[in-house]
Amino acid sequence: MDPFHACSILKQLKTMYDEGQLTDIVVEVDHGKTFSCHRNVLAAISPYFRSMFTSGLTESTQKEVRIIGVEAESMGLVLNYAYTSRVILTEANVQALFTTASIFQIPSIQDQCAKYMISHLDPQNSIGVFIFADHYGHQELGDRSKEYIRKKFLCVTKEQEFLQLTKDQLISILDSDDLNVDREEHVYESIIRWFEHEQNEREVHLPEIFAKCIRFPLMEDAFIEKIPPRFAQAIVKSCGEKGPSNTNGCTQRLGMTASEMIICFDAAHKHSGKKQTVPCLDIVTGRVFKLCKPPNDLREVGILVSPDNDIYIAGGYRPSSSEVSIDHKAENDFWMYDHSTNRWLSKPSLLRARIGCKLVYCCGKMYAIGGRVYEGDGRNSLKSVECYDSRENCWMTVCAMPVAMEFHNAVEHKEKIYVLQGEFFLFYEPQKDYWGFLTPMTVPRIQGLAAVYKDSIYYIAGTCGNHQRVFTVEAYDIELNKWTRKKDFPCDQSINPYLKLVLFQNKLHLFVRATQVTVEEHIFRTSRKNSLYQYDDIADQWMKVYETPDRLWDLGRHFECAVAKLYPQCLQKVL
(Lines of atoms letter the chains of each structure in order from A and count residues from 1; the text may use other names and numbers.)
(Lines give C-alpha, C1' and ligand atoms only; values in the text may rest on other atoms or scores of the structure.)
Protein backbone atom coordinates (compact mmCIF):
# COMPACT_ATOMS: atom_id res chain seq x y z
CA MET A 1 0.00 0.00 0.00
CA ASP A 2 1.45 3.33 -1.07
CA PRO A 3 1.45 5.69 1.98
CA PHE A 4 1.82 8.72 -0.31
CA HIS A 5 -1.21 7.88 -2.46
CA ALA A 6 -3.75 9.79 -0.35
CA CYS A 7 -1.44 12.80 -0.04
CA SER A 8 -0.95 12.87 -3.80
CA ILE A 9 -4.71 12.83 -4.44
CA LEU A 10 -5.28 15.60 -1.89
CA LYS A 11 -2.56 17.68 -3.51
CA GLN A 12 -4.12 17.27 -6.95
CA LEU A 13 -7.57 18.17 -5.62
CA LYS A 14 -6.12 21.34 -4.09
CA THR A 15 -4.57 22.26 -7.44
CA MET A 16 -7.91 21.77 -9.20
CA TYR A 17 -9.65 23.85 -6.52
CA ASP A 18 -7.15 26.69 -6.92
CA GLU A 19 -7.51 26.61 -10.71
CA GLY A 20 -11.31 26.14 -10.68
CA GLN A 21 -11.15 22.82 -12.54
CA LEU A 22 -14.04 20.30 -12.35
CA THR A 23 -15.74 22.26 -9.57
CA ASP A 24 -19.44 21.42 -9.37
CA ILE A 25 -20.85 23.55 -6.56
CA VAL A 26 -20.74 27.23 -5.63
CA VAL A 27 -21.14 28.07 -1.94
CA GLU A 28 -22.30 31.59 -1.10
CA VAL A 29 -21.78 32.90 2.45
CA ASP A 30 -22.31 36.23 4.23
CA HIS A 31 -21.83 39.45 2.23
CA GLY A 32 -22.25 37.58 -1.07
CA LYS A 33 -18.80 35.96 -1.07
CA THR A 34 -18.76 32.80 -3.23
CA PHE A 35 -16.48 29.74 -3.37
CA SER A 36 -16.34 27.26 -6.26
CA CYS A 37 -15.47 23.80 -4.97
CA HIS A 38 -16.11 20.05 -5.26
CA ARG A 39 -19.16 18.37 -3.74
CA ASN A 40 -17.26 15.18 -2.97
CA VAL A 41 -14.64 17.03 -0.95
CA LEU A 42 -17.23 18.95 1.06
CA ALA A 43 -19.29 15.80 1.65
CA ALA A 44 -16.21 13.85 2.72
CA ILE A 45 -15.24 16.34 5.42
CA SER A 46 -18.66 17.49 6.61
CA PRO A 47 -21.82 15.51 7.54
CA TYR A 48 -23.69 18.80 7.03
CA PHE A 49 -22.74 18.92 3.33
CA ARG A 50 -23.11 15.16 2.86
CA SER A 51 -26.69 15.38 4.08
CA MET A 52 -27.31 18.44 1.90
CA PHE A 53 -26.04 16.77 -1.28
CA THR A 54 -27.53 13.29 -0.74
CA SER A 55 -30.91 13.98 0.88
CA GLY A 56 -32.83 14.47 -2.34
CA LEU A 57 -33.88 17.95 -1.26
CA THR A 58 -33.63 21.01 -3.50
CA GLU A 59 -30.02 21.76 -2.51
CA SER A 60 -28.87 18.36 -3.75
CA THR A 61 -29.50 19.38 -7.35
CA GLN A 62 -28.65 23.07 -7.19
CA LYS A 63 -25.35 24.31 -8.56
CA GLU A 64 -25.25 27.11 -6.02
CA VAL A 65 -26.19 27.03 -2.33
CA ARG A 66 -26.39 29.88 0.13
CA ILE A 67 -25.39 29.47 3.78
CA ILE A 68 -26.41 32.14 6.28
CA GLY A 69 -24.30 32.93 9.34
CA VAL A 70 -20.92 31.92 7.95
CA GLU A 71 -18.18 34.50 7.46
CA ALA A 72 -16.14 34.49 4.26
CA GLU A 73 -12.81 34.12 6.09
CA SER A 74 -14.08 31.13 8.06
CA MET A 75 -15.43 29.45 4.93
CA GLY A 76 -12.07 29.94 3.25
CA LEU A 77 -10.29 28.38 6.22
CA VAL A 78 -12.64 25.39 6.22
CA LEU A 79 -12.03 24.82 2.52
CA ASN A 80 -8.29 25.15 2.96
CA TYR A 81 -8.48 22.53 5.71
CA ALA A 82 -10.59 20.26 3.49
CA TYR A 83 -8.04 20.36 0.69
CA THR A 84 -4.80 20.46 2.73
CA SER A 85 -5.61 19.27 6.30
CA ARG A 86 -4.01 22.50 7.54
CA VAL A 87 -5.56 25.52 9.20
CA ILE A 88 -3.97 28.80 10.27
CA LEU A 89 -5.42 30.07 13.54
CA THR A 90 -5.23 33.52 15.08
CA GLU A 91 -6.95 35.19 18.02
CA ALA A 92 -9.01 37.14 15.48
CA ASN A 93 -10.38 34.14 13.56
CA VAL A 94 -10.47 31.22 16.01
CA GLN A 95 -13.95 31.67 17.51
CA ALA A 96 -15.62 32.41 14.17
CA LEU A 97 -13.95 29.33 12.68
CA PHE A 98 -15.07 27.21 15.66
CA THR A 99 -18.64 28.42 15.07
CA THR A 100 -18.44 27.57 11.37
CA ALA A 101 -17.00 24.13 12.14
CA SER A 102 -19.88 23.61 14.55
CA ILE A 103 -22.41 24.43 11.82
CA PHE A 104 -20.67 22.08 9.38
CA GLN A 105 -20.16 19.37 12.06
CA ILE A 106 -16.37 19.15 11.69
CA PRO A 107 -15.10 18.19 15.18
CA SER A 108 -11.47 17.97 14.06
CA ILE A 109 -11.44 21.72 13.33
CA GLN A 110 -13.33 22.45 16.55
CA ASP A 111 -10.74 20.52 18.54
CA GLN A 112 -7.88 22.41 16.91
CA CYS A 113 -9.61 25.71 17.68
CA ALA A 114 -10.21 24.59 21.28
CA LYS A 115 -6.56 23.61 21.67
CA TYR A 116 -5.50 27.02 20.35
CA MET A 117 -7.83 28.88 22.73
CA ILE A 118 -6.62 26.79 25.68
CA SER A 119 -2.99 27.63 24.90
CA HIS A 120 -3.86 31.34 24.71
CA LEU A 121 -5.87 31.65 27.92
CA ASP A 122 -5.15 34.73 30.00
CA PRO A 123 -6.98 36.70 32.73
CA GLN A 124 -8.53 38.99 30.12
CA ASN A 125 -10.08 36.35 27.84
CA SER A 126 -10.65 33.29 30.06
CA ILE A 127 -14.22 34.19 31.05
CA GLY A 128 -15.16 34.86 27.43
CA VAL A 129 -13.68 31.53 26.37
CA PHE A 130 -15.54 29.73 29.17
CA ILE A 131 -18.86 31.32 28.17
CA PHE A 132 -18.13 30.45 24.53
CA ALA A 133 -17.34 26.81 25.41
CA ASP A 134 -20.47 26.55 27.55
CA HIS A 135 -22.61 27.85 24.69
CA TYR A 136 -21.27 25.22 22.27
CA GLY A 137 -21.00 22.44 24.84
CA HIS A 138 -17.31 21.74 24.23
CA GLN A 139 -16.31 19.77 27.33
CA GLU A 140 -12.52 20.09 27.22
CA LEU A 141 -12.51 23.79 26.39
CA GLY A 142 -15.04 24.44 29.14
CA ASP A 143 -13.14 22.41 31.73
CA ARG A 144 -9.74 23.89 30.90
CA SER A 145 -10.97 27.48 30.83
CA LYS A 146 -12.77 26.92 34.14
CA GLU A 147 -9.57 25.48 35.65
CA TYR A 148 -7.71 28.58 34.50
CA ILE A 149 -10.34 30.91 35.97
CA ARG A 150 -10.10 29.16 39.34
CA LYS A 151 -6.32 29.31 39.24
CA LYS A 152 -6.22 33.05 38.38
CA PHE A 153 -9.41 33.88 40.24
CA LEU A 154 -8.40 37.18 41.86
CA CYS A 155 -7.17 38.57 38.53
CA VAL A 156 -10.12 37.28 36.52
CA THR A 157 -12.80 38.74 38.80
CA LYS A 158 -11.50 42.23 38.05
CA GLU A 159 -12.37 41.81 34.37
CA GLN A 160 -15.62 43.17 32.94
CA GLU A 161 -16.50 39.81 31.36
CA PHE A 162 -16.79 38.26 34.84
CA LEU A 163 -20.00 40.25 35.25
CA GLN A 164 -21.53 38.56 32.18
CA LEU A 165 -21.61 35.09 33.72
CA THR A 166 -24.98 33.45 34.22
CA LYS A 167 -25.99 32.27 37.67
CA ASP A 168 -25.24 28.63 36.83
CA GLN A 169 -21.88 29.49 35.26
CA LEU A 170 -20.89 31.48 38.34
CA ILE A 171 -21.84 28.62 40.67
CA SER A 172 -19.90 26.09 38.58
CA ILE A 173 -16.76 28.18 39.08
CA LEU A 174 -17.15 29.05 42.76
CA ASP A 175 -18.39 25.70 44.07
CA SER A 176 -14.95 24.07 43.99
CA ASP A 177 -12.15 23.10 46.36
CA ASP A 178 -9.66 24.16 43.66
CA LEU A 179 -10.43 27.87 43.88
CA ASN A 180 -7.14 29.72 44.35
CA VAL A 181 -8.10 32.16 47.10
CA ASP A 182 -6.36 32.59 50.43
CA ARG A 183 -9.50 34.02 52.10
CA GLU A 184 -13.15 33.03 51.71
CA GLU A 185 -14.02 36.71 51.86
CA HIS A 186 -12.73 37.03 48.27
CA VAL A 187 -15.45 34.64 47.11
CA TYR A 188 -18.15 36.66 48.85
CA GLU A 189 -16.84 39.92 47.37
CA SER A 190 -16.82 38.46 43.85
CA ILE A 191 -20.47 37.42 44.24
CA ILE A 192 -21.46 40.91 45.39
CA ARG A 193 -19.63 42.49 42.46
CA TRP A 194 -21.42 40.14 40.05
CA PHE A 195 -24.77 40.87 41.73
CA GLU A 196 -24.38 44.66 41.61
CA HIS A 197 -24.02 44.57 37.82
CA GLU A 198 -27.71 43.62 37.43
CA GLN A 199 -29.25 43.92 40.88
CA ASN A 200 -32.94 43.62 40.02
CA GLU A 201 -32.54 40.45 37.97
CA ARG A 202 -29.96 38.76 40.19
CA GLU A 203 -31.17 39.42 43.74
CA VAL A 204 -33.46 36.39 43.63
CA HIS A 205 -30.43 34.15 42.98
CA LEU A 206 -28.35 35.29 45.97
CA PRO A 207 -29.63 32.73 48.52
CA GLU A 208 -28.88 29.84 46.16
CA ILE A 209 -25.44 31.20 45.27
CA PHE A 210 -24.54 31.82 48.92
CA ALA A 211 -25.76 28.33 49.87
CA LYS A 212 -23.75 26.56 47.18
CA CYS A 213 -20.64 28.72 47.00
CA ILE A 214 -19.84 30.43 50.32
CA ARG A 215 -18.11 28.48 53.08
CA PHE A 216 -19.04 30.71 55.99
CA PRO A 217 -17.03 28.83 58.67
CA LEU A 218 -13.90 29.88 56.75
CA MET A 219 -14.77 33.58 57.04
CA GLU A 220 -13.73 35.89 59.85
CA ASP A 221 -16.50 36.69 62.33
CA ALA A 222 -15.60 40.38 62.18
CA PHE A 223 -16.14 40.35 58.41
CA ILE A 224 -19.50 38.59 58.68
CA GLU A 225 -20.70 41.09 61.29
CA LYS A 226 -20.13 43.94 58.81
CA ILE A 227 -22.16 42.37 55.99
CA PRO A 228 -25.03 44.76 55.05
CA PRO A 229 -28.52 43.67 56.20
CA ARG A 230 -29.66 43.26 52.60
CA PHE A 231 -27.12 40.50 52.03
CA ALA A 232 -27.40 39.14 55.56
CA GLN A 233 -31.02 38.23 54.85
CA ALA A 234 -29.94 36.28 51.78
CA ILE A 235 -27.32 34.54 53.92
CA VAL A 236 -29.97 33.51 56.45
CA LYS A 237 -32.06 32.06 53.62
CA SER A 238 -29.01 30.26 52.26
CA CYS A 239 -28.36 28.63 55.62
CA GLY A 240 -31.96 27.45 55.64
CA GLU A 241 -31.55 25.97 52.15
CA LYS A 242 -28.31 24.18 52.90
CA GLY A 243 -29.18 23.06 56.43
CA PRO A 244 -26.99 22.56 59.52
CA SER A 245 -24.00 21.30 57.51
CA ASN A 246 -23.42 24.88 56.39
CA THR A 247 -22.00 25.73 59.82
CA ASN A 248 -19.94 22.60 60.31
CA GLY A 249 -16.33 22.10 59.27
CA CYS A 250 -15.52 23.05 55.68
CA THR A 251 -12.82 21.92 53.31
CA GLN A 252 -10.31 24.66 52.70
CA ARG A 253 -9.93 26.06 49.20
CA LEU A 254 -6.72 25.22 47.38
CA GLY A 255 -5.35 28.74 47.79
CA MET A 256 -5.80 28.58 51.56
CA THR A 257 -3.37 25.67 51.83
CA ALA A 258 -0.55 27.43 49.98
CA SER A 259 2.73 27.75 51.82
CA GLU A 260 5.75 29.81 50.80
CA MET A 261 8.64 27.40 50.27
CA ILE A 262 12.26 27.44 49.16
CA ILE A 263 12.76 25.26 46.08
CA CYS A 264 16.22 23.81 45.37
CA PHE A 265 16.98 22.95 41.76
CA ASP A 266 19.93 20.82 40.57
CA ALA A 267 19.98 18.79 43.79
CA ALA A 268 20.80 15.07 43.81
CA HIS A 269 19.03 12.58 46.05
CA LYS A 270 21.33 10.97 48.59
CA HIS A 271 20.25 7.44 47.75
CA SER A 272 20.02 7.62 43.98
CA GLY A 273 23.49 8.50 42.77
CA LYS A 274 23.38 11.56 40.52
CA LYS A 275 19.67 11.40 39.83
CA GLN A 276 18.21 14.86 40.16
CA THR A 277 15.54 15.78 42.67
CA VAL A 278 13.85 19.08 43.53
CA PRO A 279 13.34 19.43 47.30
CA CYS A 280 10.98 22.10 48.65
CA LEU A 281 11.48 23.41 52.17
CA ASP A 282 8.59 24.65 54.26
CA ILE A 283 10.65 26.62 56.75
CA VAL A 284 7.71 27.46 59.03
CA THR A 285 6.56 23.88 59.62
CA GLY A 286 9.87 22.11 59.00
CA ARG A 287 8.27 19.87 56.40
CA VAL A 288 10.12 18.84 53.25
CA PHE A 289 8.40 18.04 49.95
CA LYS A 290 9.54 17.06 46.49
CA LEU A 291 8.63 18.90 43.31
CA CYS A 292 8.41 17.12 39.97
CA LYS A 293 11.91 17.32 38.47
CA PRO A 294 12.47 19.24 35.21
CA PRO A 295 11.74 17.26 32.03
CA ASN A 296 14.67 15.53 30.35
CA ASP A 297 16.65 15.98 33.59
CA LEU A 298 17.56 19.52 32.46
CA ARG A 299 20.37 21.22 34.39
CA GLU A 300 21.46 24.87 34.75
CA VAL A 301 18.14 26.20 33.55
CA GLY A 302 16.94 29.76 33.85
CA ILE A 303 14.37 29.93 36.66
CA LEU A 304 11.59 32.43 37.29
CA VAL A 305 8.66 32.72 39.67
CA SER A 306 6.26 35.27 38.19
CA PRO A 307 4.19 37.76 40.20
CA ASP A 308 1.25 35.39 39.62
CA ASN A 309 3.23 32.57 41.28
CA ASP A 310 3.82 30.68 38.03
CA ILE A 311 7.15 28.82 37.94
CA TYR A 312 9.06 28.76 34.65
CA ILE A 313 12.31 27.13 33.54
CA ALA A 314 14.13 27.72 30.26
CA GLY A 315 17.23 26.52 28.44
CA GLY A 316 19.83 24.42 30.23
CA TYR A 317 21.41 21.16 29.10
CA ARG A 318 20.76 17.45 29.33
CA PRO A 319 23.43 15.51 31.24
CA SER A 320 25.83 13.57 29.06
CA SER A 321 26.32 9.84 29.51
CA SER A 322 30.03 10.56 29.61
CA GLU A 323 31.42 11.52 33.01
CA VAL A 324 34.25 13.52 31.42
CA SER A 325 32.19 15.55 28.98
CA ILE A 326 31.91 19.23 29.88
CA ASP A 327 30.89 20.66 26.50
CA HIS A 328 27.18 20.26 27.05
CA LYS A 329 24.74 20.88 24.24
CA ALA A 330 22.53 23.86 25.04
CA GLU A 331 18.76 23.34 24.88
CA ASN A 332 15.97 25.75 24.01
CA ASP A 333 13.27 24.13 26.16
CA PHE A 334 10.69 26.28 27.94
CA TRP A 335 8.40 24.82 30.61
CA MET A 336 5.78 26.04 33.08
CA TYR A 337 4.97 24.22 36.30
CA ASP A 338 1.35 23.19 36.90
CA HIS A 339 0.79 23.37 40.66
CA SER A 340 -2.38 21.28 40.78
CA THR A 341 -0.94 18.27 38.93
CA ASN A 342 2.73 18.60 39.99
CA ARG A 343 4.00 18.38 36.42
CA TRP A 344 5.73 20.56 33.85
CA LEU A 345 3.79 21.85 30.83
CA SER A 346 5.60 22.47 27.56
CA LYS A 347 5.63 26.05 26.26
CA PRO A 348 6.99 27.54 23.00
CA SER A 349 10.74 26.99 22.73
CA LEU A 350 13.33 29.73 23.10
CA LEU A 351 14.57 31.19 19.83
CA ARG A 352 18.15 30.58 20.99
CA ALA A 353 19.38 27.60 22.97
CA ARG A 354 21.26 28.75 26.06
CA ILE A 355 22.71 27.38 29.30
CA GLY A 356 22.51 29.39 32.51
CA CYS A 357 20.39 32.22 31.15
CA LYS A 358 18.60 34.55 33.54
CA LEU A 359 14.82 34.89 33.40
CA VAL A 360 13.24 38.17 34.47
CA TYR A 361 9.60 39.30 34.53
CA CYS A 362 9.11 42.94 33.54
CA CYS A 363 6.19 45.00 32.18
CA GLY A 364 3.99 41.93 31.83
CA LYS A 365 6.52 39.96 29.77
CA MET A 366 9.33 37.51 30.42
CA TYR A 367 12.93 38.02 29.30
CA ALA A 368 15.65 35.40 28.75
CA ILE A 369 19.00 37.14 29.11
CA GLY A 370 22.49 35.98 28.15
CA GLY A 371 23.93 32.60 29.12
CA ARG A 372 26.40 30.42 27.26
CA VAL A 373 26.68 27.79 24.54
CA TYR A 374 29.35 25.37 23.38
CA GLU A 375 29.66 25.97 19.66
CA GLY A 376 32.30 26.42 17.00
CA ASP A 377 35.56 27.27 18.73
CA GLY A 378 34.29 26.24 22.16
CA ARG A 379 32.52 28.02 24.97
CA ASN A 380 30.80 31.28 24.08
CA SER A 381 28.98 33.78 26.25
CA LEU A 382 25.82 35.31 24.80
CA LYS A 383 24.70 38.90 24.27
CA SER A 384 21.31 37.94 22.93
CA VAL A 385 18.05 38.67 24.75
CA GLU A 386 14.57 37.43 23.90
CA CYS A 387 11.13 38.28 25.21
CA TYR A 388 8.11 36.03 25.79
CA ASP A 389 4.64 37.49 25.36
CA SER A 390 2.05 35.23 27.01
CA ARG A 391 -0.78 36.82 25.00
CA GLU A 392 0.90 35.92 21.72
CA ASN A 393 2.38 32.73 23.22
CA CYS A 394 5.69 33.26 21.45
CA TRP A 395 9.25 34.53 21.91
CA MET A 396 10.67 37.50 20.01
CA THR A 397 14.16 38.92 19.77
CA VAL A 398 14.83 42.27 21.45
CA CYS A 399 17.90 44.49 21.63
CA ALA A 400 21.00 42.53 22.62
CA MET A 401 23.17 43.51 25.58
CA PRO A 402 26.23 45.62 24.75
CA VAL A 403 28.43 42.89 26.27
CA ALA A 404 28.11 39.10 26.37
CA MET A 405 27.38 37.65 29.80
CA GLU A 406 27.34 34.34 31.64
CA PHE A 407 27.35 33.72 35.39
CA HIS A 408 25.56 37.05 35.63
CA ASN A 409 22.55 38.24 37.61
CA ALA A 410 19.40 39.98 36.46
CA VAL A 411 16.65 41.64 38.52
CA GLU A 412 13.66 43.88 37.89
CA HIS A 413 12.57 47.07 39.61
CA LYS A 414 9.94 49.60 38.56
CA GLU A 415 9.71 48.49 34.92
CA LYS A 416 13.46 48.29 34.34
CA ILE A 417 15.80 45.31 34.20
CA TYR A 418 19.23 45.44 35.85
CA VAL A 419 22.03 43.04 34.88
CA LEU A 420 25.26 42.67 36.85
CA GLN A 421 28.50 40.87 36.12
CA GLY A 422 31.98 41.88 37.25
CA GLU A 423 32.82 45.39 36.13
CA PHE A 424 29.62 45.71 34.10
CA PHE A 425 26.31 47.00 35.45
CA LEU A 426 23.60 47.42 32.81
CA PHE A 427 20.00 48.55 32.76
CA TYR A 428 17.33 47.84 30.16
CA GLU A 429 14.16 49.81 29.41
CA PRO A 430 11.62 47.53 27.68
CA GLN A 431 9.48 50.44 26.52
CA LYS A 432 12.41 51.89 24.55
CA ASP A 433 14.21 48.58 23.86
CA TYR A 434 17.37 50.26 25.10
CA TRP A 435 20.41 49.16 27.13
CA GLY A 436 22.58 51.55 29.14
CA PHE A 437 25.48 51.46 31.59
CA LEU A 438 25.40 52.26 35.32
CA THR A 439 28.04 52.77 37.99
CA PRO A 440 29.70 49.38 38.58
CA MET A 441 30.00 47.82 42.02
CA THR A 442 32.98 48.84 44.17
CA VAL A 443 34.37 45.29 44.31
CA PRO A 444 33.94 43.84 40.79
CA ARG A 445 33.17 40.12 40.86
CA ILE A 446 31.32 37.45 38.94
CA GLN A 447 29.15 34.54 40.08
CA GLY A 448 27.68 36.72 42.81
CA LEU A 449 24.08 36.88 43.98
CA ALA A 450 21.59 39.69 43.43
CA ALA A 451 18.13 40.59 44.72
CA VAL A 452 15.99 43.70 45.08
CA TYR A 453 15.17 44.62 48.67
CA LYS A 454 13.65 47.91 49.86
CA ASP A 455 14.41 49.82 46.62
CA SER A 456 18.03 48.67 46.61
CA ILE A 457 19.84 45.95 44.69
CA TYR A 458 21.91 43.79 47.02
CA TYR A 459 24.90 42.05 45.47
CA ILE A 460 26.50 39.40 47.65
CA ALA A 461 29.65 37.25 47.45
CA GLY A 462 31.23 36.17 44.16
CA THR A 463 34.64 35.58 42.61
CA CYS A 464 37.18 38.34 41.97
CA GLY A 465 39.50 38.62 38.98
CA ASN A 466 42.23 36.67 40.79
CA HIS A 467 39.76 33.77 41.23
CA GLN A 468 39.51 34.47 44.94
CA ARG A 469 36.10 33.87 46.47
CA VAL A 470 34.81 36.72 48.61
CA PHE A 471 31.71 37.28 50.72
CA THR A 472 31.43 41.00 50.16
CA VAL A 473 27.98 42.58 50.50
CA GLU A 474 27.07 45.75 48.59
CA ALA A 475 23.77 47.59 48.18
CA TYR A 476 22.93 49.79 45.20
CA ASP A 477 20.44 52.58 45.90
CA ILE A 478 18.48 52.74 42.65
CA GLU A 479 17.18 56.27 43.19
CA LEU A 480 20.56 57.73 44.20
CA ASN A 481 22.64 55.66 41.74
CA LYS A 482 25.03 54.85 44.58
CA TRP A 483 26.73 51.72 45.91
CA THR A 484 27.21 51.21 49.67
CA ARG A 485 29.42 48.58 51.30
CA LYS A 486 27.76 46.48 53.99
CA LYS A 487 29.33 44.06 56.44
CA ASP A 488 30.69 40.96 54.78
CA PHE A 489 28.75 37.76 55.23
CA PRO A 490 30.56 35.93 58.08
CA CYS A 491 31.64 32.69 56.50
CA ASP A 492 34.49 30.28 57.08
CA GLN A 493 36.29 29.48 53.82
CA SER A 494 37.32 26.08 55.18
CA ILE A 495 33.75 24.78 54.94
CA ASN A 496 33.76 25.42 51.17
CA PRO A 497 30.44 27.29 51.27
CA TYR A 498 28.08 27.82 48.34
CA LEU A 499 25.47 30.53 48.76
CA LYS A 500 22.13 31.36 47.16
CA LEU A 501 20.18 34.56 47.80
CA VAL A 502 16.38 34.53 48.07
CA LEU A 503 13.64 36.90 49.14
CA PHE A 504 11.63 34.83 51.61
CA GLN A 505 8.71 36.22 53.62
CA ASN A 506 9.68 39.68 52.34
CA LYS A 507 13.17 39.49 53.86
CA LEU A 508 16.59 38.74 52.42
CA HIS A 509 17.85 35.25 53.17
CA LEU A 510 21.01 33.35 52.26
CA PHE A 511 20.78 29.61 51.75
CA VAL A 512 24.23 28.20 52.54
CA ARG A 513 25.62 24.78 51.65
CA ALA A 514 28.63 23.99 53.85
CA THR A 515 30.98 21.00 53.62
CA GLN A 516 32.76 19.73 56.72
CA VAL A 517 35.58 17.20 56.70
CA THR A 518 36.28 15.24 59.89
CA VAL A 519 38.77 12.49 60.71
CA GLU A 520 37.55 9.50 62.65
CA GLU A 521 40.02 6.68 63.32
CA HIS A 522 42.23 7.84 60.45
CA ILE A 523 39.26 7.91 58.06
CA PHE A 524 38.19 11.13 56.40
CA ARG A 525 34.45 11.70 56.51
CA THR A 526 32.60 14.38 54.60
CA SER A 527 29.32 15.86 55.73
CA ARG A 528 27.24 18.71 54.40
CA LYS A 529 24.93 21.08 56.19
CA ASN A 530 22.42 23.41 54.60
CA SER A 531 21.44 26.48 56.60
CA LEU A 532 19.31 29.56 56.11
CA TYR A 533 20.45 33.01 57.27
CA GLN A 534 18.19 36.06 57.53
CA TYR A 535 19.45 39.61 57.00
CA ASP A 536 18.68 42.37 59.48
CA ASP A 537 19.14 45.56 57.47
CA ILE A 538 18.90 47.77 60.58
CA ALA A 539 21.73 46.00 62.41
CA ASP A 540 23.46 45.03 59.13
CA GLN A 541 23.99 41.44 60.22
CA TRP A 542 23.04 37.89 59.27
CA MET A 543 21.39 35.44 61.68
CA LYS A 544 20.96 31.68 61.23
CA VAL A 545 17.24 30.92 61.37
CA TYR A 546 17.01 27.38 60.01
CA GLU A 547 19.04 24.25 59.36
CA THR A 548 17.76 21.64 56.94
CA PRO A 549 17.43 17.97 57.90
CA ASP A 550 20.63 16.02 57.27
CA ARG A 551 21.16 13.56 54.46
CA LEU A 552 18.02 14.20 52.48
CA TRP A 553 19.82 15.32 49.35
CA ASP A 554 23.14 16.55 48.07
CA LEU A 555 23.44 20.08 46.71
CA GLY A 556 26.14 20.43 44.08
CA ARG A 557 28.01 23.60 43.21
CA HIS A 558 25.44 24.63 40.61
CA PHE A 559 22.29 24.36 42.68
CA GLU A 560 19.78 27.21 42.44
CA CYS A 561 17.06 28.38 44.77
CA ALA A 562 13.68 29.95 44.11
CA VAL A 563 10.79 30.93 46.36
CA ALA A 564 7.16 30.23 45.50
CA LYS A 565 3.86 29.46 47.13
CA LEU A 566 3.23 25.73 46.79
CA TYR A 567 0.34 23.47 47.68
CA PRO A 568 1.44 20.64 50.01
CA GLN A 569 -1.39 18.29 49.02
CA CYS A 570 -0.15 18.44 45.41
CA LEU A 571 3.44 17.53 46.31
CA GLN A 572 5.20 14.35 47.40
CA LYS A 573 6.06 14.58 51.09
CA VAL A 574 9.62 13.60 52.03
CA LEU A 575 9.76 14.54 55.70
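Just so it is clear, glycine is given a Cβ too, placed from its N, Cα and C backbone atoms.
Marked as domain 'BTB' by Swiss-Prot: 23-91. As annotated by Swiss-Prot, domain 'BACK' applies to 126-228. The feature repeat 'Kelch 1' is assigned by Swiss-Prot to 310-364. According to Swiss-Prot, the repeat 'Kelch 2' annotation covers 365-415. Under the heading repeat 'Kelch 3', Swiss-Prot lists 417-455, citing sequence analysis as support. The repeat 'Kelch 4' annotation in Swiss-Prot covers 457-506 and rests on sequence analysis. The repeat 'Kelch 5' annotation in Swiss-Prot covers 516-562.
Same-chain neighbours of the repeat 'Kelch 3' (417-455): 358, 360, 362-363, 365, 367, 369-370, 385, 387, 398-403, 405-411, 461-465, 470, 472, 474, 476-479, 481-483, 485, 499-503, 507-508, 510, 535, 537, counting only residues six or more beyond its ends whose CB sits under 8 Å from a CB of the stretch. Across the range of the repeat 'Kelch 3' (417-455), the DSSP-based residue counts are 0 helix, 21 strand, 18 coil. Each residue in the domain 'BTB' (23-91) gets a DSSP state, and the totals come to 34 helix, 11 strand, 24 coil.
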